[in-house]
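Per TrEMBL, the features are as follows:
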ACT_SITE  GLU287  active site, proton donor
ACT_SITE  ASP366  active site, proton acceptor
ACT_SITE  GLU394  active site, proton acceptor
DOMAIN    23-124  domain 'Alpha glucuronidase N-terminal'
DOMAIN    128-454  domain 'Glycosyl hydrolase family 67 catalytic'
DOMAIN    455-677  domain 'Glycosyl hydrolase family 67 C-terminal'
Amino acid sequence: MQFRQSERRIDGLTVDQLTSYRAWLQYREKDQEKYTKTVAPYLKAVSVTVDNDIIERALDEWTVGLNEMFKQRPAVVRETISEGLAITLDPSLPNESYQLKTTEKRIQLTAKDANGVLYGVFHLLRLLQMEESLQHLSMTEVPKNPVRMINQWDDMNGEVERGYAGESFFYKDYQFIKDRQRIYDYARLLAAAGINAISINNVNVHENETDLIFDRYLMDVKQTSDIFNQFGITLFLSINYAAPMEKGIASADPLDKDVQAFWKARAQAIYQVIPNFGGFLVKADSENRPGPFTYGRNHAEGANMLAEALEPYGGLVIWRCFVYNCKQDWRDRQTDRARAAYDHFMPLDGAFKENVVLQIKNGPMDFQVREPVSPLIGSLENTNHFLEFQIAQEYLGQQKHLVYLVPQWKEVLSFDTYSKGMGTYVKDIVAGEVFKNGHAGIVAVSNVGSDYNWTGHLFAQLNLYGYGRMIWNPELTAEAIALEWVKQTFGNDPFVIKTIMQMVMPSWEIYENYTSPLGIGWMVNISHHYGPNIDGYEYDKWGTYHFADRNGVGVDRTIETGTGFTGQFHKENARVYNDLTRCPDELLLFFHHVPYTHQLHSGKTVIQHIYDTHFRGVEQVKAMIDAWQSLKEAIDPTRYTSVMERLEHQLYMAKEWRDTVNTYFYRKSGINDLHGRTIY
């Protein structure tokens, strides 16, 4: 199967749409004569003595990038060169790592393996796109996280669950889409951001998707795997835990011999076709999905049965910890969904096989605009685990709102769990460095679809790119990552760069300002999770989330009088969260029920904070629109118009949120805004 390495033509896309499609691999022609002259010696040739599919892709990328940026095609040779790029392998280096060193006219790229070569080439192309100097390079890059994974939530009918950027480009009408050019281009983008693993179907596995592990689709899975493998990306599948019952076995009990034999046979069949298959991703016993609880078994028994089937082939079972059954009456103040993952999995620490990895959401709830770090992270000392983020903006504006998520994620990674004393940060735990895990890393739910710009909102590309760069090196600042993306996507005009940076950097705070205050979360419409509905989930069977009444608001999760959730943290954090006087303002209502007149550390009352932030958030969106309008002559019409339309919608929704939230709490509290602004 042949693919275009350079996507200057994609059927059905205009020239301007292709600019958006190219995302951070623009490779726009350089018109800076001085810069071109400075880098010219490094572009003349490329020397490489090792050959495989991944290195071929690296050479293709280097050739295409140089041709498009500098109208120069380097000669590919096998002998030693004095000018150009020299590529060698050094098995003593860490996995996937690379070194870059430059002399006067030569760049030496030394890597442990083919993946390292590919990442090193993308690094050099990033520097060239940003017009950075290649002189005096002397660096070693080692990925912090061994597994850097994307989860697709694509269904085979062509829909994407929690997708906000069009349809699936993997599937349509219960078949794989035959033209896989877009998958190839997606693999390029992911590899350029440092991703090395992907699951290609929704964790909620339906009837047709169950057959992905059977002959009906297995050759299609192999062809898709082959594409990703060329870019150093290992393919996984989400499975239906009840698949044996779909194929005539009476149960899915993990201790049933027939069930065990079924999964062993499936594993053998898959690895015969796809020898480097990564393994299974499993969602069980959650939101009506079947699982081991059905048979009185625990999750270790369920996961270990699958792990035994994959073990001979080196496959992993990635077992999601999103397990809860917290249906509750609104009068019930003890049931707490936030406790569920810890309560289910902490007693099983050490009971899982070595090729099982628990996948833990960054917070105890569900990817809210603000929530604490999951207390499971830092508590599971004897079990492999991945951290899970959501790039798709399910609760953060659904890619209609500009929200840069890397600042939120970096707060999670820099959180001190105190599990081994002060300085035991999440970023070190999930990388496997603290508890010496055999398998470690970070996973995120993707935000892509069939839209010409991949992500619906052009600026949502930044979250996909930023996720990859951040988990490669968590020490990169959110500013540095955003700057890389802006320069690669829009070019190196200082005014454009400064303006866009001013838009993206405060955007998470802006979204929080006009939506859910002080860590309370939710307040969205049921099911689709878009737009304000303060009581949307308040009396729903799945639980109460803010407990607002005329006296106050918030959830009491303290040890003494509440659900006891604060006690799941290590004692240093438990003391802070449990103490009303020490709890951070931004999480106050997550942990405490307080009067509207309670004074925050900022000096404001809770109710005045709600009013002020919601009015301020609207004004901040207006400022973003003004900033973008100033770039009208500097941005191509397609990208300019697309972003402007979404910013105008964001302003409309910010006003809707402001008025809905402020009116709701004004009517509950009866307390006037100190500044006399309009509250309906």
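The backbone N, Cα and C atoms fix where each Cβ goes, glycine too.
The residues of the domain 'Alpha glucuronidase N-terminal' (23-124), classed with DSSP into helix (H, G, I), strand (E, B) and coil, number 40 helix, 24 strand, 38 coil. Confidence for the domain 'Glycosyl hydrolase family 67 catalytic' (128-454), expressed as mean pLDDT, is 97. When secondary structure is read from DSSP and collapsed to three states, ASP366 (active site, proton acceptor) falls in the coil class.
For GLU394 (active site, proton acceptor), the count of additional Cβ atoms within 10 Å of its Cβ stands at 23 [all protein chains shown]. Within 10 Å of the C-beta atom of ASP366 (active site, proton acceptor) sit 16 other C-beta atoms, taking all shown protein chains into account. A straight line from the CA of ASP366 (active site, proton acceptor) to the CA of GLU394 (active site, proton acceptor) spans 9 Å.
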